[in-house]
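As given in TrEMBL:
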- 31-52: transmembrane segment (TRANSMEM)
- 34-422: domain 'Major facilitator superfamily (MFS) profile' (DOMAIN)
- 72-91: transmembrane segment (TRANSMEM)
- 103-122: transmembrane segment (TRANSMEM)
- 128-149: transmembrane segment (TRANSMEM)
- 169-195: transmembrane segment (TRANSMEM)
- 271-292: transmembrane segment (TRANSMEM)
- 299-323: transmembrane segment (TRANSMEM)
- 329-358: transmembrane segment (TRANSMEM)
- 370-387: transmembrane segment (TRANSMEM)
- 399-419: transmembrane segment (TRANSMEM)
Amino acid sequence: MDYQPDKATFELARKEFPRVTWYKQKGMRGVYVRLFFVVLTSATSGYDGSMMNGLQILPQWEKSFHHPSPSHIGLLLCIMSVGSLVAIPFVPYVADGLGRRRGVMVGCMIMLLGVLLQGMGFNFGMFVAARFIIGFGVTIAHGSSPMLITELVHPQHRGIYTTLYNALWYIGSIVAAIPSIVQGFPSILQLMFVWTVPESPRWLIAKGRNEEALTVLANVVRIEYHEIEQTIKLEQEFEGNGWTELFKTPGNRHRVIILIALGFFFSMKQLYINGILSICNAVVAIGMCFFVDRLGRRFLFLVSTFGMLIMFTILTICAAEYVKAKEKGAATAVIVMIFLYYVCCNLAWSGLLVGYGVEILPYRIRAKGITLMFLCVDIALFFNQYVNPIALHAIAWKYYVVYCVWLVFECAVVWKFFIETRNTPLEEIVRHFDGEDATLGGLLATEKSKKLVEKTELSPIAPVHSDDSLDVNGRSVVQREKI
């Protein structure tokens, strides 16, 4: 069913429920406002990426570090990615062991330590160490933030809110001209407010704290609670959560292909951009957040990727023409194509990188799967920062042909493997990958899961009417039936 904002109902678990207006419900309004501070993790990352580009053009910065050589600048640009790579193995254990909220808090505290050292920056070595620590902390926070958002928001709003998360990367890049010490401001805000955000109900259920989870889910239809409870219990009883689980089943291998593609394909698009382009990117990326449910994830990825292929191919032709004939019109066309390329990129890749990556993963491997995706992002960024400048210097515009071929490969992977997940509750997305082998509790449980339920001591599902949903006190909005 297409997303229709003028309808009084929305679809969940193949049933119709009253549409929820989040700002009219006190409990939901409070949670969503506080979740905004979790979203700041992405803005912090965007700030750092653009800040280093800005610092290099400042005479005062060059003088302070005695005019660093190209190799030293390359080290500064990549050291944050190194910190991220070192942090990667710890991400799933922090998120699953300590909880999503504490994961954000731990990451923020580590990053603040790095920002303090960076702000002091007495010498080059200290500055490098500070950026390593910042990369480590951002990755820890970045590993928990999107899962907390995805697992906490109402299913009606999941697409918009999770897509908005990564799209705000550009907001950080826009304000990156501010001195480096200000980079710690978002983390300070996060530490002040993230503890007021409810913990992920899925993490609470996984830890046996069901009553707390039910309280958190008071703003969500009751059917989702039963699906979460039974699905997680079945996963804990009959499924593993080790790293090998990512490759054991056809469905999980399908997910891994998508996660690796998201990581590598997204990072190959992070070129150096100026402030005007950052503003353009932010407008497009944030604007598209409100269309992910209406247009669909797969459609947006296809339009975005094929659009980038077309724009980059034209850009390559114009660049070659400029080199050969020195035509000013060709140079202007290159600039125009760069803008259009990023417009196409931001139709999907900027926002859906995290939103789509998180929602296609079942709970038991969600943290590890997202960790794998971020590992691919960091590897690709590390490659870009070292190989691209060397290749461009060696063969100039001809290196663009490599990216044209790469974009053809991206289009093929997106067309073959990326599937549609809109209007599907988080637990039910497993059906798209695993079919009847999916581990899914609730009313829509597969035959396999129903048999597994019989082997456990899970309580039967209370009858749920298609028009039932809960208010902030846990009472049915329509029938006021007590839980």
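Don't overthink the numbers, they just go from 1 along the chain as shown.
Glycine is treated like the rest: Cβ placed from N, Cα and C.
Between the transmembrane segment (399-419) and the transmembrane segment (103-122) there are fewer than 3 Cβ pairs closer than 8 Å, counting only pairs 6 or more residues apart in sequence, which means the two stretches are not in contact. Between the transmembrane segment (72-91) and the transmembrane segment (370-387) there are 3 or more Cβ pairs closer than 8 Å, counting only residues 6 or more apart in sequence, so the two stretches are in contact. Here the transmembrane segment (370-387) does not lie next to the transmembrane segment (103-122) in space: the count of CB pairs under 8 Å, restricted to residues six or more apart, is fewer than 3. Residues 35, 38-39, 41-42, 44-45, 48, 75-76, 79-84, 86-88, 90-92, 94-95, 100-104, 106-118, 120-121, 161-162, 165-166, 183, 187, 190, 197, 199-200, 354-355, 357-358, 366-367, 370-371, 374, 378 of the same chain lie 6 or more positions beyond the ends of the transmembrane segment (128-149) yet place their CB under 8 Å from a CB of it. Summarised as a single figure, the pLDDT of the domain 'Major facilitator superfamily (MFS) profile' (34-422) averages 80.
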